[in-house]
Structure formats: structure tokens, C-alpha cells
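Input: a single structure, listed below in C-alpha cells.
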Amino acid sequence: MVAGVIGTLVTAAVLGHAGTASLAAYAMTVAVSNPAVMVIQGALRGSMPFVAENGDDPEALEGVFRHSLWLALCVGALGGVLVAGVPFLAGLIGVPEATVAAFGLFPALMALALMATSLQTCATTLLIALGHSREAMWVGLVNTGLSVVLIPLLVLGPGPLPALGMTGAGVAMCGNAAAAMVTAHLLLRRRTVLAGRRIRVTSPEWGAVWRIARVGLPMGSTMLIKFGVLGLTAMAAATVGVVEAAAHQIMVTLVTFVFLPATAVGQATVPFMARAAKEAPERGHGEVRRALLAGVAVALPVVAASGLLVLLVARPLLGVFSPDPRVQAMVIALLPLLLLVVLADAAQVMPGMGLLAVKRTTPTLYTFALCFGALALAVFPVAAAGGLAWLWGAYAMACAGLVLGQTGGFLRVTAARPAEA
């Protein structure tokens with residue numbers, strides 16, 4: 001997760017120096033690829049409870065991996081087609097010719113990168129579900145390290161090297177994704193119970209693939225809803241003014257960084273909750289709830305500490321994103337709202353992961369559709385009435401609604417007596 005965020009930030013910063021048209025073309029491509037990545041990651045999380053249940057059975061685990069691999073191929077190919085079609089979409093909606101001309105091979109290369117990311121996510125999800133978080137971290141470090149080195153090198157061409165611009169960014173991101181994919185699959189096949197087994201990709205068993213997808217796709221759909229609505233909030237902020245649009249983008253970036261620990265801890269608790277859920281028909285869901293509370297006890301203090309750190313270093317940190325004192329002042333004034341959003345968003349993650357662990361993700365989809373659907377309807381009138389402050393207040397209220405909905409859904413699902421589970 002961190003790797004993807006850092007890669008996006010590095011690319012945006014470097015392309016900003018390569019030209020405004022390049023940055024605009026990049027922004028439009030990412031507007032399609034980022035939601036696609038979120039859907040892919042959410043869909044493939046559906047394999048986590050199945051992996052956790054079969055973690056001690058290499059033969060059964062091999063089958064889960066094979067089914068997950070087919071799901072990754074399907075969703076990755078679909079996402080790749082959408083990303084590759086961005087220039088066509090740009091022409092349809094009347095994007096300026098300078099931006100269209102700047103695309104070059106970048107969307108096609110990003111489509112390949114998305115396919116590699118899907119296959120990498122398949123392996124990384126299994127690593128996390130098996131409790132190999134350290135190996136999953138190495139995958140992220142490979143991706144991050146290559147992003148920091150290759151993107152500036154290929155885009156700007158320092159010294160005697162040629163500057164490849166957008167094409168260089170695409171090559172770098174494609175290379176990063178391929179390296180991360182290879183690393184993830186090597187670690188999965190050498191550091192887990194699958195070590196030494198020859199895993200062949202056979203014809204798909206669509207029923208088994210669908211069982212994983214049925215758990216994962218609602219999670220992926222929630223990410224699509226969330227990031228789609230966040231795209232609307234960015235548009236609403238842009239209607240208020242240039243300063244507000246810039247401040248909003250910086251705040252979204254800060255939220256992403258501070259929010260990451262909650263997602264990481266949530267994913268790490270899924271295997272424990274899934275194994276406990278396997279015993280629920282006989283013993284009830286008490287152990288599942290205890291595992292979730294342990295995750296909350298770890299995640300929320302880390303998120304709160306991260307938010308406090310942002311408060312303490314806000315002014316020098318904001319200078320990295322924008323030299324405009326008006327933008328910096330606006331972000332600093334709205335930091336309390338930003339922290340409310342982060343804490344509420346972090347709090348809703350844990351019961352959401354609990355629902356994933358018990359393979360009941362539909363309540364999560366309904367909750368996101370209700371809360372963020374209401375936010376989508378409100379963003380433009382709210383922004384017009386109260387500017388960025390009211391917009392982020394509405395965002396905070398939507399996240400608070402997620403906390404109530406996710407927690408209520410988890411408690412309801414896990415309230416069944418053992419005979420009813």
C-alpha cells in the first residue's frame with residue numbers, strides 16, 4: 001500500500017517538472033487506474049478467509065491460490081482494458097489536445113503495470129493471510145525502491161541519459177510492478193507451506209473462483225464507491241476555487257498516509273478472525289470479536305500518533321506539497337477536520353475486516369453505498385454553501401456513518417448462537 005502511494009507521489013512530482021500537459025495526462029490516467037487498483041485489491045482480499053482456514057493444508061491452499069490467480073487474471077485484464085482506453089475517453093469528453101498528445105504509450109504501459117499489480121496482489125494477499133507480513137513488506141520495499149530510482153531517472157534523464165517523459169514514467173511503473181510481482185510469487189513459493197510444490201495453472205474451476213469473488217467483489221465495490229465519491233469531492237472543491245482545490249488534494253494525500261496503518265493492521269487481523277470463525281458453528285463468534293478488539297487496540301493508537309505527528313510538522317511538511325502560503329494556511333486551519341476523518345475511517349476498517357473474515361461482506365457494500373451515496377448527493381451544494389470546511393465536515397459525517405454501519409453489521413452477523421452460525 002505504501003509503495004503504491006509513494007510511487008504515485010514520486011511520479012506526480014517528477015511529471016510536474018516535465019510539463020503541465022504531462023501532469024494533466026498522468027492525472028487523467030491515474031483517475032482510472034487508481035480505482036481499478038482498489039477494486040482489484042478488494043476483490044482479491046476475498047481469498048484471505050479461505051487461505052487462513054487452509055493455512056496448514058498445502059494441497060487445499062494450492063487450490064485456493066490457483067483460484068485466486070484466475071480471479072486476478074480476470075479483474076486485472078478488465079482493469080487493463082479500461083486504463084488502455086483512457087486516450088479514447090479523453091477524446092470523447094473534449095480534453096485539450098495538448099493533454100491528449102501527451103499520453104503517448106503511457107496508458108498502454110500502465111495497463112500492463114495494472115495486470116502485473118493484480119498478479120502481485122494475488123500473491124501478497126496470500127502472504128498476509130498466512131501470517132507472512134514481513135515477506136509482504138519486502139514486496140512493498142522492492143516496489144518503493146524502484147519507484148524512487150527509476151521514475152526520476154527515466155522521466156527526467158539526468159546527466160547524459162535521455163529524458164523519456166511520460167513514456168519513461170510508464171516504463172518505470174511497468175518495471176516496478178513486474179519486479180514486485182516476481183518478488184511476491186518467489187516469496188510465496190519459497191517461504192510458505194507451498195515451498196517445494198509445483199503449482200501449475202490448470203483450467204479454471206469457475207465455481208471456486210466465484211466463491212472467492214463473491215466475498216471479495218463487495219469489498220472491491222466499496223473501494224470503487226469510496227474513490228468515485230472522493231473524485232466528486234475533488235471536483236466540488238475545484239468549483240470553490242484554485243486554492244481550495246489544491247488544499248483539498250494535499251489533505252487527501254495526508255489522509256491516505258495517516259490511514260495506512262489501520263488498513264495494514266486490519267488485514268493482519270483477518271487470518272486470526274478467519275480461523276476463529278471456522279470454529280464459530282460449535283463455539284460461537286466470541287473469539288472473532290476478541291481478535292477484532294485486539295486489532296482496534298493496535299490500530300487506533302497508531303493512527304492517532306500518526307495524526308499527531310502531522311500536526312506537529314504540518315508547516316514544513318506542507319512546504320513540500322505547495323509553496324503557496326494561502327494553500328498552507330487553509331490546510332492547517334482544516335487539520336482538525338482531517339484528523340476526524342482519519343480516526344473515523346480507521347475505526348470503520350476493523351469491523352469491515354471482521355465481516356471479510358466471516359465471509360459476509362455484503363453489509364459493508366450496503367453501508368458504503370448509503371453513506372457515500374449521501375455524500376455524493378451533498379458535495380456540490382455543501383461546497384457551494386460553506387466551501388472546503390463544510391465539504392470536509394460532510395466527509396467526516398459520512399465516515400462516522402461508516403463506523404456505525406460497519407460496527408452494527410459486524411455485531412449483527414456475529415450475534416448468532418453457535419447453532420445458527
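Glycine residues also receive a Cβ, built from the backbone N, Cα and C atoms like all the rest.
The feature transmembrane segment is assigned by TrEMBL to 69-93 (among others). For the transmembrane segment (69-93), same-chain residues at least 6 beyond its ends with a Cβ under 8 Å from one of its own Cβ atoms are 28-29, 32-33, 36-37, 39-40, 43-44, 46-47, 99-100, 103, 107-108, 110-112, 114-115, 117-119, 121-122, 201, 204, 209, 212-213, 216, 220.
The transmembrane segment annotation in TrEMBL covers 105-130 (among others).
Look at TrEMBL and you will find 137-157 (among others) tagged as transmembrane segment.
Per TrEMBL, the feature transmembrane segment maps to 163-188 (among others).
The transmembrane segment annotation in TrEMBL covers 224-243 (among others).
Residues of the same chain lying 6 or more positions beyond the ends of the transmembrane segment (249-270) and with a Cβ under 8 Å from any Cβ of it are 1-2, 5, 9, 45, 48-49, 52, 128-129, 133, 230, 234, 237, 291-292, 294-295, 298-300, 302-303, 306-307, 310, 318, 321-322, 327, 331, 334, 338, 341-342, 345-346, 349-350, 352-353, 356-357, 392. The transmembrane segment annotation in TrEMBL covers 249-270 (among others).
For the transmembrane segment (291-314), same-chain residues at least 6 beyond its ends with a Cβ under 8 Å from one of its own Cβ atoms are 254, 257-259, 261-262, 265-266, 268-269, 272-273, 276, 331-332, 335, 338-339, 342-343, 346-347, 349-351, 353-354, 410. Sequence annotations record features per position, and here TrEMBL assigns transmembrane segment to 291-314 (among others).
Per TrEMBL, the feature transmembrane segment maps to 326-344 (among others). Within the chain carrying the transmembrane segment (326-344), a Cβ under 8 angstroms from the stretch's Cβ atoms is held by residues 243-244, 246-247, 250-251, 254-255, 258-259, 300, 303-304, 306-307, 310-311, 314-315, 318-319, 388-389, 392-393, 395-396, 399-400, 402-403, all 6 or more beyond its ends.
The transmembrane segment annotation in TrEMBL covers 365-384 (among others).
Positions annotated as transmembrane segment by TrEMBL: 390-411 (among others).
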*Under a Cβ pair cut-off of under 8 Å, which of the recorded stretches 105-130, 163-188, 390-411 contacts the transmembrane segment (365-384) most often?*
390-411
*asked:* Using Cβ distances below 8 Å and needing 3 or more such pairs, separated by at least 6 in sequence, tell me whether the transmembrane segment (224-243) contacts the transmembrane segment (390-411).
replied: yes
